[in-house]
Amino acid sequence: MNTNHIRTVKGGGSLQGILNVPGDKSISHRSLIIGSIAEGETNIKGFLYSDDPLSTADCLRKLGVNIPEIKKNQPFTIKGLGIDDFKEPEEILDCGNSGTTMRLLMGLLAGQEGRNFILTGDKSLNERPMGRVSKPLSLMGGIIHGRKNGTKAPISITGNKLKGCVIGTPVASAQVKSAILLAGLNASGTTSVIEPASSRDHTERMLKAFGADINIRGELGRNIVIKSGTNLTGQNILIPGDISSAAFWMIAASIVPESEIIIKNVGLNPTRTGILNVMNEMGCNYEILDKSTIAGEPIGSINIKYVSNLKPFKVEGDILPKLIDEIPILAVAACFCSGVSEIKDAKELRVKETDRLKVMATQLKKFGANILEKEDGLIINGESKFHSAEVDSETDHRVSMSLAIASLLAKGSSKIARAEASRVSYPTFWDDLEKLIN
């Protein structure tokens, strides 16, 4: 077992308390990127101080954007450059482990005429699929090269004059959609993105708030149309808590006996709340309090209490984009439902930071879970009796936190290798866990 950054989690006890989860990762990335191409100042509060958004900030600084040193829990101000005023960087843009950084920057930089850019990442990111972004950008006139015929990083971009067009995306991916929309800001005419299913819409909401000419048409908002030629104006942004981070506590409170947790000021964007649909199907006991809307994003507090005899669930089809990041913790939940749960149509998880279907099946089996791994999902027999185990996050932040919650249900003490992976999206996860353990 890898002895670096091992965390020991003791099973038993309950979770009690009130907490705020870190700022939404998706909105944190977009506040930096859209603030950078706006005119004037953008004031940001509630930013997620973690590896991925900080990678975005570092890349934007190399492109000439005035972003101050970002400090934990402190607001800051960006001075935007406008849509077409990035400088050619003197060094390679390192996106770290962040697929969002790389894919959104690909869209942003493709139309920066006469300038050249190289994007790379860590070993994991450089194996993730980038062709789903480079191909539509090439249709718009983008000049993009990379390993394996432009489908893997490092990626080289030569800024070029782009033309608006209609693009159908093969998968419902907010990152792919966002890259095309950002490229559309610098393309001639109108750019239209047609998705096979709705994906998270933080980019559309924020672009509209900044003054972009953007419209959503068609069934379930699957056709997004953006026109170039409109300057964006800096805004004040308050970033809500990330529901994908809150999900670990929502499930933990539901499955750890005698638990009750209140999570304050969580983002409740309807393209992100698939986890609540599944919790309803399971029969979880939760209540949403203090609802409000800030900068177009709905927020609220969530009070969750333990329930015995949770029902099994099935996740498939159009709901997947609304809870794609929650599948690892839902796999843990399924182990404690009274019956067989199924996750399908989730092949996208095989090209995340890790192959999350394989990793979760492998690691949960070490606790004694009864899981069948399928090509596009998992079949999980519930009512498991977990024993202690030595498990490994395999450097995946969502796997690390899911295994921590699983360990709470195991008899004895479990060890999680490479537990520090959680810092990618939730730097204070282990501190918050300690506060909640009763």
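Including glycine, each Cβ sits where the backbone N, Cα and C put it.
Take the phosphoenolpyruvate site that Swiss-Prot assigns to Lys25, Gly99, Arg128, Gln175, Arg398: the candidate from Arg222, Arg272, Arg350, Arg356 listed for it is Arg356.
Taking the Cβ of Arg128 (phosphoenolpyruvate binding site) as reference, residues of its chain lying under 8 Å away and at least six apart in sequence are, in sequence order, Gly99, Gly121, Lys152, Ala153, Val351, Lys352.
All protein chains shown were included, and the count of other CB atoms within 10 Å of the CB of Ser173 (3-phosphoshikimate binding site) stands at 23.
DSSP assigns Ser173 (3-phosphoshikimate binding site) to coil, not to a helix or a strand.
Local packing around the Cβ, expressed as the count of other Cβ atoms within 10 angstroms, is greatest for Arg398 among the binding-site residues Lys25, Arg30, Lys352, Arg356, Arg398.
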